[in-house]
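Q: Quick one: the structure is below, questions incoming.
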């Protein structure tokens, strides 16, 4: 089947390691945008109580912090580029900073009295170009490698590289600037000034938000246009108040009140959409943290935190939502459903309040804002939910994957797991799981563990399978898809809950036991022990009838948390089994660190029983396990010779095809019923 365009777009961006790195840099810089935004908000609150000196000081701090953002963006992105290309960080960052400042001044982007230029595209593009240039120079062996100390070589290379790259790119930038001034006709792209043309209003709003979507403050770029629009609006207000002349619709405040709720892109709708529909704890936390700022129409934390900027999914509704809002407000005002705007209000005035006062204290303005807000949520919803699913949101347990891509000790990694993490493989995983759900159902199979000494079934191990509508059974090859989507924990909990529900018919047998595998991800999530204990309490099973199987991967990852959870579970009487013992390099070391009720020897030791050294290895392994006092179960026993040797070692618990294959629950019931009568 041919991939839909949106999927191909996801695929393209997911395979772009530079974009994934950039998204993670934006997340790392989120504290900067939050600090600037909160400082601005507090400054405006002081202005409301006439403490203007404090307000101006805080506004200056907010502006200064915000101007540092592109500098830090360049530095952090430069660190990522250096790590990606495995080149010196100083050779990337030093010329990048110099070129950025020089070209900003050359192109008139450096404001008078300021030494901090603010240009996001240039801050991103500069280290990118320098990275490619340095990599090319490295391949051509243009750097000095002498017998002098390494620090001397690095200093010489830094000086030569900086001189060469700064000279080249500033020269190129100079000619590009001159060419752009002489050849381009940018003014033709800018809408004409006016208070009546809906087309120009839509074009103006689209251009502003397109700039925002790539990190450029559209309000600053179009500030001359907005200033002229403000002047025309002020004249219209004067004529309206003094002569009763009818008000135009598209005043300067019109855009802030109806198309800027929460900031550019009407992102208050996006924040509410996240709170209402996200399955990702990280997104919900971000939305709650930025809600107060969004109420006051400050949305930089949202733009850079999700991010919206350079996000191929959210850019679409980010551009569409304000255009729809403008059309709705324009026609509602034209048809007399809403009063025209007749008062100036601050752009930071919260929604509903701004609509009420701007329309001459008419509640119709607030109602229109509410309708626009709800429509905006509907526009953002399908795009955000798609991104939420692709990224692998988890309704109960989740971990922000950007930490895996960037750690603060060593910025940069070759692992591409950013805010658009492994999107291609995630989409494939999502498609596979959706297909399985549509064409069948996930079911539980059970494989008995046999006590050969007593001649009875000791316990049942729970195994997940997929049963298609035509009855075809699929082995658990789909588990990796759940893992890619971050849904392993949800799957494990579903298995535990369903297994406890199914085997309740055997709860009256005190010797019955059900054994359930638990992944490392699930075992280490907060409140796992509490969740399992509550599930068992709500079921008909006793605690000592439930056995959880863990692997040595869990023991390696977090010994302290593992010990706490194991202790909490075993205090309730829940049995713990160490699964796949002998398959890893460190299993033996963990036998003495924890108490186990059962140890399951892996089939990898069974298949070698035909060899002398294999038999000796098995014997030694079983003797080590016996020292712990735990019961021993041997997995994967398939023939008589294997069974005989294992029995000769004094081991009586066997699991494998020699006795029983995994079977559906109905067959288990028949088997146990048959055993009970014989």
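Backbone N, Cα and C atoms are what each Cβ position is placed from, and that goes for glycine too.
Automatic, uncurated: that is what TrEMBL annotation is.
A quick note: this is a predicted structure, and the numbers were derived from the prediction, not measured.
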Q: To which of the residue ranges 91-112, 201-222 does TrEMBL assign the term transmembrane segment?
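A: My reading of TrEMBL: the transmembrane segment range is 91-112.
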Q: Which one of 257-278, 389-410 shows up in TrEMBL as transmembrane segment?
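A: When 257-278, 389-410 are checked in TrEMBL, transmembrane segment belongs to 257-278.
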Q: Can you dig out which of the ranges 158-180, 227-249 TrEMBL describes as transmembrane segment?
A: 158-180
